[in-house]
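Sequence annotations record features per position, and here Swiss-Prot assigns L-serine binding site to Thr233, Ala234, Glu235, Glu287, Ser386 based on sequence analysis. Look at Swiss-Prot and you will find Arg264, Arg265, Glu266, Glu351, Ile352, Ser353, Ser354 tagged as ATP binding site, backed by sequence analysis.
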Amino acid sequence: MIDVKLLRKNPEIFYDAIKKRNMDTEIIDKILEVDKEWRELVAKVNELKAKRNEFSKLVAKAKVEKDNEKASKLIEESKKIGEEIKKIEEQEKKLEEEMQNLALNIPNIPAEDVPFGKDESENIEIRRWGEPRKFDFEPKAHWDLGPELSMMDFERGAKLSGSRFTVLYSYLARLERALIQFMLDVHTKEHGYTEVWVPQLVKRDAMLWTGKLPKFEEDAYCIEKDDMFLIPTAEVPLVALHAQEILSEKDLPIKYTAYSACYRREAGSYGKDVRGMIRQHQFDKVELVWITTPERSFEDLERLTQDAERILQLLELPYRVVSLCSGDLGFVSAKTYDIEVWLPSYNSYKEISSCSNTTDFQTRRSNIRYRGSDNKLHYAHALNGSGLAVGRTLVAIVENYQNEDGSITVPKVLVPYMGVEKIEVK
């Protein structure tokens with residue numbers, strides 16, 4: 001959530017931020033208008049309360065002077081003031097709720113070094129690692145290779161659950177499981193993360209705290225009877241773990257990693273990536289979350305991104321890192337790096353991880369603070385990233401490690417997890 005006090009003091013920061021995101025600034029006009037009305041009512045209530053206090057003193061004086069008639073009149077006047085205060089406070093509360101709802105729909109302020117641009121076509125490439133493989137045969141897409149191995153089944157996935165669901169069998173099912181274990185092992189043993197097992201159903205509050213609601217409600221799977229949500233990412237429970245808590249600066253940064261299934265309706269993606277496993281309603285992901293201090297959060301974003309990159313390096317999969325421009329930046333993010341893996345079926349790089357610094361946007365919503373060395377309370381900063389999206393990593397391995405005979409070579413680091421060096425029809 002935005003800092004309303006900062007908006008009131010420096011509205012130009014928010015006008016500029018909204019323009020950079022290519023959004024209409026009308027919402028800023030509206031919240032400032034509501035805030036002005038609210039402050040006027042607050043001032044009016046304070047004025048009336050002061051007046052009522054004066055009447056209380058006059059009542060006490062009249063009683064001392066045994067002027068009961070005067071005291072009765074003053075008490076009546078005081079009651080009228082009290083009733084007026086009550087009416088105004090009800091209006092005040094409504095305006096406060098309206099202001100809160102408006103604030104929940106204002107995105108985070110882009111960091112100063114975020115490149116300006118209208119959409120993903122203006123994202124800036126930062127670096128590349130590895131070279132795309134040059135095949136001496138015509139490579140196949142995973143949506144052909146998997147079924148030919150009888151290990152990837154889109155038809156039965158659709159029969160069970162509809163479009164954008166996949167069934168994996170045998171060694172591809174094992175590969176999915178191996179990747180999860182491998183990623184968690186690297187992040188916990190090499191990168192110092194604490195592994196967490198989180199619920200995959202969360203309350204509405206948890207979605208609100210992390211900025212998934214109200215903005216993205218139509219993209220979420222909701223259990224209406226219980227008002228619970230299937231998580232779109234483990235970022236939601238990992239950040240919300242510390243909601244309404246006061247942490248100690250000496251315990252920061254907190255670094256969590258968690259595997260979970262993720263559930264997304266993909267409401268706005270009709271016609272995109274309709275073939276294969278790239279865009280699914282249910283997919284596995286290993287998530288990385290940091291709770292850190294404002295002073296080091298952008299440095300920590302670099303570290304988190306490198307942790308995600310390390311998985312691709314160990315798997316020897318070529319990738320690139322891009323910095324998202326202001327027009328492509330996510331709602332909660334102040335700065336984001338996308339990591340994109342090379343996929344032969346697309347003859348291009350496709351997103352496999354998104355690493356973001358949300359600054360104090362999520363921590364204000366969830367009221368995550370820490371006591372600093374100055375003994376004052378400060379809002380922490382929250383970072384998140386995929387480390388990695390498991391299904392897309394599996395797809396990248398299937399396509400980049402394929403052989404002419406239709407078999408798939410298992411990356412060296414995964415052989416101990418898989419128990420085989422090659423996936424093939426037997």
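Backbone N, Cα and C atoms are what each Cβ position is placed from, and that goes for glycine too.
Taking the Cα of Arg264 (ATP binding site) as the reference point, the closest of the binding-site residues Thr233, Ala234, Ser386 is Thr233. Among the binding-site residues Thr233, Ala234, Glu235, Ser386, the ones whose Cα is located within 10 Å of the Cα of Ser353 (ATP binding site) are Ser386. One residue stands out among the binding-site residues Thr233, Ser353, Ser354, Ser386 for having the most other Cβ atoms within 10 Å of its Cβ: Ser353. In the three-state DSSP assignment, the secondary structure recorded for Glu351 (ATP binding site) is strand. Minimal Cβ crowding within 10 Å, among the binding-site residues Arg264, Arg265, is found at Arg265. Glu287 (L-serine binding site) is 19 Å away from Arg265 (ATP binding site) when you measure Cα to Cα. You'll find the Cα of Glu351 (ATP binding site) roughly 15 Å from the Cα of Glu287 (L-serine binding site). Using the Cβ center of Thr233, Ala234, Glu235, Glu287, Ser386 for L-serine, the list of other same-chain residues with Cβ within 8 Å runs, in sequence order, Val236, Leu238, Ala258, Ser260, Cys262, Lys285, Val286, Leu288, Val289, Asn384, Gly385.
Glu287 (L-serine binding site) is surrounded by 30 other CB atoms, counting those within 10 A of its CB over all protein chains shown.
Checked against Glu235 (L-serine binding site) by C-alpha proximity, the binding-site residues Glu266, Ile352, Ser354 yield Ser354 as the nearest.
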